[in-house]
Amino acid sequence: MFFQKETSFPHGSSIVARCIHFGFYKLKGDNTMHCENGEWVPKFPECVPTSVITNFTGDAPPTIQYAIISGSAVVEPTGELFVFPDSTLRLDCVTPRALGNPEWSWTQALGNYETGWSSDEGEKYTHYRLTLSKMSARHSDTYTCATPTGHTNTVIVKVVNVVCPTINVSSPRLRQFTQGTRLGHSAHFSCQSGFHLNGSAILTCMGNGHWSTSLPTCLETFCPMLKSLGPHLSFVEYNSSFGGRAVFQCAWGYRLVGSPGLECEHDGQWSGEVPICSPIYCPDPLVPEKGRLLIEPSSKHGKYTVGDLMIYDCEDGYDIVGESSIVCTENGYWSHPPPFCLLPSVIKKADTIFIENITLVHVEE
């Protein structure tokens, strides 16, 4: 169909239907319909799949494939194949060779043209070929392939001398490569870094002498807004334009897991996933023999987080050696090793007491 989105038409409107993929489906029914009292008359036609679509199974009409050996051509919205004069066109009737030779026919007296099975490897058992060289207006015709089993498929070919206007690009951001301006020629477009196309990247010269769509434009590329950062993650830097960065940091007591920074890339996507903030936990504090904890803050799910304070004391008759309080730090360790609880007599007799990396020197007076 000419339209691809849901569209409403007033009474008296007419539309023309065609099957997608030139030659791969056969239209069954009338291709022109009229809107009468809220209904289309006649009913919509069907698109019957051909041999290639059905993988040569079942009772299907032959597929017709085309190739331009020299020159140019374009499939029109009507489903017709428009060919530029002096081109060489190849039409292949795709059907199993084991069924016998199909037959190409046309309505005008064109004379004899080269037909026969393809010699290309992979096609010689399926592609029965008709070659039309140095085409002119007399080659404008309806071409039908009939198989030995009685199935047919048809394509309409028109030879037209059409040239589209030269495309003038004024924006320095828009880059262009044009094959030419003849019927079937294409113009390809892209944008410089930091910009993306708004519109079609390829324009084709159509049979009406106009390009298939309007000239595209280049819009500055932005990456999507980063949302749902979570309560503990924030930005240090944020620029969502091409080449910009999003740099993250975690709140106090949390560790960044993932990349600390993302970059907005040329395709408008960030270079990776947003990181997360994971709580920093300290291991369960050790309680020394003959010691106890005077203050034990409520732990989160049985874990100790940054800032938690632990205060130690010893049982009666024992003295504390080392720090009596320790704090969970941002590196996930306690600020000091746990203290010892020793009898005063033991402490008095000792000249030096080693507690992990701490050395206590006792001096008697």
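Counting begins at 1 with the first residue displayed.
Glycine is no exception: its Cβ is also placed from the backbone N, Cα and C atoms.
The following features are taken from TrEMBL:
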- C191-C218: disulfide bond (DISULFID)
- C250-C277: disulfide bond (DISULFID)
- C314-C341: disulfide bond (DISULFID)
- 1-49: domain 'Sushi' (DOMAIN)
- 62-161: domain 'Ig-like' (DOMAIN)
- 162-220: domain 'Sushi' (DOMAIN)
- 221-279: domain 'Sushi' (DOMAIN)
- 280-343: domain 'Sushi' (DOMAIN)
Range from 62-161, 162-220, 280-343 with the greatest count of C-beta pairs under 8 A to the domain 'Sushi' (1-49): 62-161
Listed in sequence order, residues with CB under 8 A of C341 (disulfide bond) and six or more positions away: P288, E289, K290, G291, C314, E315, Y318, D319, I320, V321
Residue distribution over DSSP helix, strand and coil in the domain 'Sushi' (1-49): 0 helix, 19 strand, 30 coil
Mean of pLDDT values spanning the domain 'Ig-like' (62-161): 93
Integer Å distance between the CA atoms belonging to C250 (disulfide bond) and C191 (disulfide bond): 37
Structural state census, the domain 'Sushi' (162-220) (DSSP three-state): 0 helix, 26 strand, 33 coil
